[in-house]
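To start, the structure under review is shown below, and the notes come after it.
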Amino acid sequence: MAGQALLAARGLTRDFRGFRAVDHVDLDIAPESVHALVGPNGAGKTTLFNLLTGFLPPTAGTIALAGRDVTGLPPERVARLGVARSFQITSLFPQLSAREHVELALQSPSGLGWRFWRSATLMRRYRDRADELLDMVGLAALAEAPAEALAYGRKRALELAIALALDPKVLLLDEPTAGMGLEDVDRTVDLIATVRQGRTVVLVEHNMSVVGRLADTVTVLQAGKVLVEGPYEQVRADERVITAYLGAADAAH
Amino acid sequence: MTATVDTEAAPARSGLLAVARAPGWVRYALLAAGLAVALWLPNGLYPAVAVDILCWALFAVSVDLLLGFTGLMSFGHAAFWGTSAYLTGLVAVHAGLPFPVAVLAGAFGAAALALPIGYLAVKRTGIYFAMVTLAFAQMVYYVANEWRSVTGGENGLQGVPRSLFGLDLTDDYYFYYAILPIVLFGLAAAWRITHSPFGRVLVGIRDNPARARALGYPVHRYKLTAFVLSGFIAGLGGGLFAVGHRFVSLDVLHWTTSGKAVIVVVLGGIGTLWGGVLGAAVVVRLEDWLSFSGFEAIGLVTGGIFVLVVLLFRRGIWGSVAALVLRWMAARRR
């Protein structure tokens, strides 16, 4: 099992001042699958994300990417190895335009970022690709707009565009549809369904219909532990899950 | 930069980005005006004051490179300004080399000092970064104070020559024009850095370091590089300051010198680059005028102006004027 997984966690644990946010989690993300992490608030989903992307060092446990141990690597190294993430709370560069965001992401793997003696106009080499990606997420008309001027749903779309610009092996999306209207949710789901081709996607999502439409595998977390794992239909029918989480969520939707 | 970015929907951006987005002719006109003023300056002011303005312009720009473009508030930049001043002075006194070589040696020395200090400081942010830089600057100050055989201690380093291939530069008027190319080189370097792919990454790091890391940028190493480059430019200014005054006193390493550099940048406009130049001109001229008038409490006036600017014009002189002009232009376009 571990040999097949693209991203694998073993005994992953994270403590915050005595509070155990993630508790001995084993996780195997199969290549080219969409894997959803669900669970009530405080279940440890975002902490798990931060552990997988190097933003937090684990208290215990290991993380392997394509069989390589990446435990404790800083986030920029993890990103370079092909793990891109979006943030739960939109995280952009307020002053930069949408296109400049994508250009900055496209530039990252090259050494161009170190060239302090060259002109920034060199970054125009990324313009066509940047515009393609912006078009893909429906932001073509807003390429020049500074991020701070974008509406919420558009910011989420830009997050996705810059994550895709890294051409990652694994794409970790933290609540990509949070706070979106129905129309934007549909468009984002379609978009993820498109970009998952040839990629592995890990998704934290509260919206169970989104999970149902996208996920091959669902892991339900509760109080930092894996409660159930399996295909969506199976997880959905699981008694423990219904008691812990889905019952309440289904009633809400 | 592109001049095609005139989306009506996009609000005017602050600081340098706003100017960068102004039409091309505006930027060329500003550049021409700036060069004209630089060429005229020692005719309108005491040449010695004009020389000080040039040195402080470099110093301010080096601080703004960190404060405005990297999001790092260095409160110990006197360490680089002053170290270069002493190094330049020592090289000029003992080796008798042409002053530009001495200044360059000083600037490289300052950059070399910025490497270990920056390495330790960039691991912290905000007030902690400021405190670490201040602490190191204080250490440098005490070393210079104690190492009397080399620095002259409280007596300072006397008799720094202004040698340049036998040219007579004792007159500040001619000395001004001798250092102007070096200063313009330093300012152009700062402009290039902020308008490079590297500069774009710095702005990203300033605005959202976590996101920059998620994009794969090693934030610490970028900050450190910016810190060393900033130390070099501060060193250029400090070296020229030493040659300009033909004397290096301990003041160049004092923490109030670091503080003054920050004040100059805030006054001129953080993140505007040229605001620092403007701020340097205003502060140096004002201080000279006050001391010439026999006014003792200079700090009271500059401090008062600083407080006013922080409270009323948070974008500083350059930033406030740029915002006004851009608003006027946008209104006219409609």
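Cβ atoms here come from the backbone N, Cα and C positions, even for glycine.
Those TrEMBL annotations? Automatic predictions, nothing curated.
Range annotated as transmembrane segment by TrEMBL, chosen from B:53-75, B:145-167: B:53-75. At the 8 Å Cβ threshold, with sequence separation of at least 6, the transmembrane segment (B:224-243) comes into contact with the transmembrane segment (B:95-115) through 3 or more pairs. Between the transmembrane segment (B:263-284) and the transmembrane segment (B:53-75), the number of CB pairs under 8 angstroms, six or more residues apart, is three or more, so the stretches are in contact. Within the same chain, residues 260, 263, 266-267, 283, 316-317 sit at least 6 positions outside the transmembrane segment (B:289-309) and bring their C-beta atoms closer than 8 Å to a C-beta of that stretch.
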